[in-house]
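Per TrEMBL, these features apply:
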{"type": "DOMAIN", "residues": "10-106", "note": "domain 'Cytochrome oxidase subunit II transmembrane region profile'"}
{"type": "TRANSMEM", "residues": "36-59", "note": "transmembrane segment"}
{"type": "TRANSMEM", "residues": "80-100", "note": "transmembrane segment"}
{"type": "DOMAIN", "residues": "107-227", "note": "domain 'Cytochrome oxidase subunit II copper A binding'"}
{"type": "DOMAIN", "residues": "236-332", "note": "domain 'Cytochrome c'"}
Amino acid sequence: MNLLSNLPLLADAGSMFFTPSNSTFAGEVDGLFDFIYWLSVFFFVLIIGVMVYFVLAYYRRPGHEPQHSSSHNNLLEITWSVIPSFLVVVIFVMGFTSYMNIRTPPDDAYEINVVARKWAWLFKYPNGAESENLHIPVGRPVRFILQSEDVIHNMFVPAFRTKMDCVPGRYNEIWVEATNVTGTGINPEDHDPLWLFCAEYCGRDHSNMKAQVYVYETGDFDAWAVKAANLYEGRTMAEVGEILYKRKGCVSCHSVDGSRKAGPSFKAGFGVAHKMADGSEVEMDENYISESIRNPRAKVVAGYEPVMPVFSSSQLSDQDITAIAEYIKSLK
């Protein structure tokens, strides 16, 4: 029997320390935290209270000889050794049980590959769909396979009570089963999404490395996944380019409002000559955009570091690059 099942939990409504939960094992996490916290408060108050009592009751008074006290007390010493040891064992069992539940996904879990990179997230679904925000079905176990393209990141969803490192060169995994939908239908505007953060410092824009989490009814999720897999259907090239701009992480380094980031802004940049680091000038056209994606260090705009990663044809097709170019053209 799970030791956590008998704890009074208010996980769904949140608590003094946590946001409202949205996963099956959030109650275990909150319950263990609350148990340790209130246990610590109890012993803190007890010990400080006894200390204050002894200070007031036995401080040295003029004309009074110190009272004789025993050098030890076997019963007392055994008691204050056995009780804390028992509590530590209880906490360990509760924590280990919760850890194993979180780390062991069901065999039939839906799998999503999570790619972390400076400073954006990419979620890949079994049907080939990709998204910059996380989309999952409610009431179904979802297994996340985590990886990083550059430095250590950490995927943290407070409402799920899940947190796991994304490490370059290796795969980590974690799973969740959401308990509540975030809205109705497949349109993001009809949802009140949860938030996903990077919880491992990863450089300049670490604080902006976040994504939204949408939880759908099963039928709505299936419909969303089908639509997401057909990126070009029913959309203009510029609209597809905007999606790719967000999905592939361009948004992390290139603004569309003229503000400065790690890379130059795309606003009103197409058709304009830009000064390069080597002193030459290059007009931003389709050829320059394509070259900058395939070989980003060939021509670097003056005043910026050559930090952009290479995107191969398996990551961005020629059609994708054309769509991005059309989107940049539309930014007047």
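Including glycine, each Cβ sits where the backbone N, Cα and C put it.
Note: TrEMBL annotation is automatic and uncurated.
Mapped onto DSSP classes, the domain 'Cytochrome oxidase subunit II copper A binding' (107-227) shows 16 helix, 56 strand, 49 coil. The average pLDDT computed over the domain 'Cytochrome c' (236-332) stands at 89. Helix first, then strand, then coil: DSSP counts for the domain 'Cytochrome c' (236-332) stand at 36 helix, 8 strand, 53 coil.
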